[in-house]
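Below is one structure, written out as structure tokens; the observations come after it.
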């Protein structure tokens, strides 16, 4: 069966649901979320680009977070939407490999970017005097380059482990995109070693960045509680709480998916996957930016400029 992937080079994605009445409402819901994801994230990237007041490390990281969100939701949502609309659920072997590889790359990059943002907040609140040197433009580029480098290397390993074996029999992927677990379950060669490799690397990326985030925000909260003025304490606390809410949705669903044994996976996986593939990218621009005075001020200025041009 080693040549299996040449003779029958297609997978069938079983999708989110097999009930026909649910497909149309889900299509409308996910289309709406995808459009808002694109508008929110691309809008934020453009705003940061055109507004000099937002040329700060925090917004620099935020544009890359938005880019990762746009990329990985685009890797998954359009295919999921066409499957819901037309019921054509086949995906070619190459399509499946590319979809999983890009998804793994951008989700891993997002973990490291969230850690870089938490580090940025930690330095800003706890070491404001050394902020300019600690988070210099060069340091920011190094952190972003590191995020993409680690993500690229990790994605190569994930993809090689997931698609490295032989596949035989019906290739029905019980998911709405080509993900490691559902694809590995279709392999007819021994997958234990490859499953361990994927698990270990996912744990290193996920838990490693989660520890950085928790330590950073832990120190930030301790510094906030030491502030004298109640209004500034409340403001700083609100910012941290919203960031932690976004991080919790993303990491909670990721850990549920990837840090449990293969035997425990079931239909709830699809619900968890919807959270980090669909819900998290749409929430991020709103959680990180719309509650900030700087973003509101920059939006106001841009609106004023647009009206003057008209």
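Numbering starts at 1 and runs along the chain as it is shown here.
Placement of Cβ uses the backbone N, Cα and C atoms for every residue, glycine included.
The stretch that TrEMBL tags with transmembrane segment, taken from the ranges 176-195, 196-215, is 196-215. Checking TrEMBL for transmembrane segment across the ranges 271-290, 291-310 points to 271-290. A Cβ distance under 8 Å defines the sequence-distant neighbours of the transmembrane segment (26-51), meaning residues of its chain 6+ beyond its ends; these are 16-17, 59-60, 62-63, 66-67, 69-70, 73-74, 77-78, 80-81, 84-85, 278-279, 281-282, 284-286, 289, 295, 298-299, 301-302. Sequence-distant neighbours of the transmembrane segment (271-290) (same chain, 6+ residues past either end, Cβ-Cβ under 8 Å): 16, 30, 33-34, 36-37, 40-41, 43-44, 62, 65-66, 69-70, 72-73, 76-77, 103, 107, 175-177, 179, 242-243, 245-246, 249-250, 252-254, 256-257, 296. Outside the transmembrane segment (97-119) by six or more residues, the chain places 58, 61-62, 64-65, 68-69, 71-72, 75-76, 79, 91, 135, 140, 143-144, 146-148, 150-152, 154-156, 158-159, 162-163, 177-180, 183, 205-206, 208-210, 212-213, 216-217, 243, 247, 250-251, 254, 276-277 with a CB less than 8 A from a CB of the stretch.
Averaged across the domain 'G-protein coupled receptors family 1 profile' (40-288), the predicted model reaches a pLDDT of 89. Tertiary proximity for the transmembrane segment (236-259) is limited to same-chain residues at least six positions away from its ends with a CB under 8 Å from its CB atoms, namely 107, 110-111, 114, 117-118, 121, 125, 179-181, 198-199, 202-203, 206-207, 210, 213, 217, 220-221, 224, 227, 268-269, 272-273, 275-276, 279-280, 283-284, 287-288, 291-292.
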